[in-house]
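What follows is a short report on a single structure.
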Amino acid sequence: MPVEARRVKGNLELKTPLVKASSRLPLPGSRLKRGPDQMEDALEPAKKRTRGLGAVTKVNITRPRGPPLRTAPQTHGQTAVYNSCVTCNSLVLRNQKPAPAAPAAPAPKPAGKKPGKRPAWDLKGQLYDLNEELKRYREKNQALDRDNQQLQEQLKEAQQQAKTLGTECSTLEEELTRVRTQAEQGQQELGHLRAHVSEIEEQLSTKEELLQELQKEQLELQEERRALATRLEEQERRQQALEAALSSSQAEVVCLRQETASQATLLAERGDQLHGLEMERRRLHNQLQELKGNIRVFCRVRPVLAGEPVPSSGFLLFPPGPAGPSDPPTCLSLSRSDDRRATLSGAPAPPTRHDFSFDRVFPPGSRQDEVFEEISMLVQSALDGYPVCIFAYGQTGSGKTFTMEGGPGEDPQLEGLIPRALRHLFSVAQEMNGQGWTYSFVASYVEIYNETVRDLLATGTRKGQGGECEIRRAGPGSEELTVTNARYVPVSCEKEVEALLHLARQNRAVARTAQNERSSRSHSVFQLQISGEHAARGLQCGAPLNLVDLAGSERLDPGLALGPGERDRLRETQAINSSLSTLGLVIMALSNKESHVPYRNSKLTYLLQNSLGGSAKMLMFVNISPLEENVSESLNSLRFASKVNQCVIGTARANKK
């Protein structure tokens, strides 16, 4: 706002209340008629009127502040100086009391008042004083404006000087940087020269030492030449003595050859004895496995995972083994409470306890190496020529895949049965090489999903094409079964097996279920065809090792409402339960010696029929969950495993040629 406009506005604000107040005084010559109230006011004492007008004389004489002057851009320090000057001037103006001005028309002074102070009723005189005081303030304001203008000009000159000094400072800094760079380069060159001088001095010292060594070596060689000449004379004398001893040694060689022939004959006899002992070992090993049972059932309880509720203390019990607490457990006791049952008094019925007995029971704390130690002798039977089949059975999330393949990562403590079994076979086969046996291993890995066979080792465009794989006889009149269009990969070390397992995990059909985030929805069958040959004796043996990870065995809920996305899970579950039921029927038919065994009712049993018959050895792992919410599925799995454990197939026979 301009200065003149602010001044006019201040005058208006100052004059307005004075006009209003003066209207209350009785002016001479007024033509207005007074009423009764006005007459009463006129007759009031002078003290009351003066007290009434005292409020009117309190006029705000401070000039309203306008917006700051628009000047050239200032730095932070310059702005602070300017603001402080303006603030100080404002404080002086506020604290300074206005000086009384001479009235335009002198008025009579009331009695009792001090000289120089106008009476309260002299409003014109007070207005005159205020105008004079306002004029003085305006003059002071103009003087302050001139001072401010001079300060701004001085500030501009200081800014210009600062700019000039900044330019000179930048130039000096650049010059200093250039000088420092040259100094650093000189120091580097000086360091290089010093290093070069040191290197030359070291080379000179080395050559001097080499010269001294060569001179010393020359003296030594001369001494050695004289010594060699002496030795040559001695060797010539010894040669004559050796030629005389050679004739006697030839006679001894003839005797040694005769002894070698007798040792070879003895070694052949020892080899026959060792072969006989190996055959006896195989017979006794097989007899021991038969005594344990050609169908064995192990139960394994997985540990409680993080985030799962801890079951009650009496939910799962593991009684000690037959020989006492030091003997591994073979029994499992599971309690189940039924809220639908109650006593006559209305109290809930006590929980029902179910006892099961198996060949071996592994509590939740059992390690992977403990589990494999129990089946290592069974895996050895496959190397001896006996078909072996190991199943992992149980509901989804009970630890079947962990038992067969192992846990995630490369922790050797978490390796499953498949990598441990192949490592054991490779190690034993290497030991058997010393006895004349050579073994070869061919691996395949397939899955059976909705009664369709898929190759888990397929790569490229053949991934997921299960319709091309069919189960066929290897040849006319052959009992061996093979899967068409499936990869059969020769393996000879652990690294090759790990690569196959990694590829199979990527190709296997999984889905999210209520029990598991990634549930296996198919049966996976890892087959290792073992072929052994003893070339010296013309012996051959061969047998398959089947390691099967069955799909989840949970039952269907008939009251479950299925949406469009859950119909695939329904078909998968129906196919899984159908194949598991067929597996139970096949085992029962083999145990009962029935004439017809329904192998062809399921692709799983049809593929494994040569490893389920009387010449095979079978082991089933029943995996159960430790959670009370899965007690119904755990009981179904334990009951099925108990039926299998009661079956007896017969005497196993080795596949020898």
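A Cβ is built for glycine as well, from the same backbone N, Cα and C atoms used for every other residue.
Here the structure is a predicted model, which means the values were calculated and not measured.
Here TrEMBL flags Gly394, Gln395, Thr396, Gly397, Ser398, Gly399, Lys400, Thr401 as ATP binding site. The feature compositional bias 'Pro residues' is assigned by TrEMBL to 100-109. Per TrEMBL, domain 'Kinesin motor' is recorded for 294-647. Among the features that TrEMBL reports, region 'Disordered' is placed at 99-121, 320-358.
Here the features listed in TrEMBL are placed on the structure.
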residue : record           : contacts (Cβ under 8 Å, 6+ apart)
Gly394  : ATP binding site : Lys400, Leu550, Gly552, Ser553, Phe621, Val622, Asn623, Ile624, Ser625, Ser637
Ser398  : ATP binding site : Arg302, Gly552, Asn623, Ile624, Ser625, Asn630, Ser637
Gly399  : ATP binding site : Arg300, Arg302, Asn623
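A simple Cβ count within 10 Å picks out one of the binding-site residues Gln395, Gly397, Lys400 as the most packed, and that one is Lys400. The average pLDDT the prediction assigns to the domain 'Kinesin motor' (294-647) is 84.
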